[in-house]
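For 41, the entry in Swiss-Prot reads active site, proton donor/acceptor. Positions annotated as substrate binding site by Swiss-Prot, on the basis of similarity to another entry: 71, 183, 288. Taken from Swiss-Prot, the feature 2,3-didehydroalanine (Ser) covers 131.
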């Protein structure tokens, strides 16, 4: 099972029968301990700073239901369905480990909701990221007790209305079940998993745009040679250099370094004096440094995938139920610092792709440095026609906005809960910002690739490499040569629609042979 397939592809989930028996055994063990009054957090105590309040067994369901209702305190806009599905998928997987005390019936009901497209309404704001994602997961769990609201087929309705139509029965929770549902990192991890998937696609698009612009600008092939890049020792740099060679193979537009040297020699061979030429031995950084810039982006994504995948497959509850009350682990597995820091790293990597794309766009448009292309790629009479001048404003403004979004969240802890939660991760904030960055950089790359498609009309289009010609062909169908005859926003939206939807994902994957694990995989067994 992989998160993206369930969240975006709407693939259903099926719970492993053998693992459910382990879940049941742990659940029954906790119910017995609760009746025997073994002191255990969330079983017979209050929550958070109220841990010193002991709750007798007759209030077991009240305690759990009160937790869900009181902590369903989220605010802001609700998450879209695909993020909600990712959250539900990760929470089911974590609870299927069998260390939380949840009942199989609760997991089956969550899975049924997921498979039938019944999505809890989960507000985006309200999580501190430790003790897990209490607010969003409380909203996720409310429908299990017949409370809250759900969204089905895009319509938000009270839970019980939908349950009655679907023949579903809400549950009465036992000892610790409410706490098991909400005391974990599954909201930030679900959101982070989607951000990671989108970031990987943006990296492929960044490579395609980079391979396009070096041809449009007749850049040198030398910066992408294996020998020089391998000496830097970073594997990501070597991979990106190889991909740049692959994506530009067969081009008739780039310049060989030996040819550049020869041209300089011929230009200066008859003079022994200082002489300024119009020939540049090296290109500007935005045409030369892709292996170094995108190489570290690649390695950052790989590191973040490890953190996020490990968290998605972890036991992130508290307490963690072991064989006896004495062994049961009262700790802090709910803390989201791994995911929070992974998202901060990921947000910087995504923002850097936006920085590169914005600078490449400027080099493509600036009439002082983009020769022989027309200024701002105007189709005729530059000045009367503006070309992509307006599109650049959008890209530049978003790149600036991204600098704020890329600031770390994981170090911005504010104590809460009577000083009990005195160092928290803010992991869901970090994940939300990373999702926003992915949207923003997708727009910057859409402007750049629309401009590159325009630039191909002013160059020898047949001399581009095969992968880039296929991109131009695809984009040309929705965004033909721009002649100021329609709003620029329409062009950008059309290109964005191609690049960032499923057809764009498939095309980029087919063209960019990037060895990334394709999915964030889940394993319900411990």
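Along the chain as shown, residues are numbered 1 onward.
A Cβ is built for glycine as well, from the same backbone N, Cα and C atoms used for every other residue.
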Over all shown protein chains, what is the count of other CB atoms within 10 A of the CB belonging to residue 131 (2,3-didehydroalanine (Ser))?
26
To the nearest whole angstrom, what is the C-alpha distance linking residue 183 (substrate binding site) and residue 131 (2,3-didehydroalanine (Ser))?
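Approximately 6 Å lies between the Cα of residue 183 (substrate binding site) and that of residue 131 (2,3-didehydroalanine (Ser)).
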Over all shown protein chains, what is the count of other CB atoms within 10 A of the CB belonging to residue 183 (substrate binding site)?
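Neighbour count, Cβ to Cβ under the 10 Å cut-off: 27.
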Quick one: give me the count of other CB atoms within 10 A of the CB of residue 41 (active site, proton donor/acceptor).
17
Please state how far apart, in Å and to a whole number, the two most distant Cα atoms are among 71, 183, 288, the recorded substrate-binding residues.
52
According to DSSP, collapsed to three classes, what secondary structure does residue 71 (substrate binding site) have?
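Its secondary structure by DSSP: helix.
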Across all the protein chains here, work out how many other Cβ atoms are within 10 Å of the Cβ of residue 288 (substrate binding site).
17
How big is the Cα-to-Cα gap, in Å, between residue 131 (2,3-didehydroalanine (Ser)) and residue 288 (substrate binding site)?
46
Going by DSSP, give the three-state secondary structure for residue 183 (substrate binding site).
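The residue in question, residue 183 (substrate binding site), is coil (DSSP, three-state).
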Can you give me the Cα-Cα distance between residue 41 (active site, proton donor/acceptor) and residue 288 (substrate binding site) in Å, rounded to a whole number?
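Given the Cα positions, residue 41 (active site, proton donor/acceptor) is 58 Å from residue 288 (substrate binding site).
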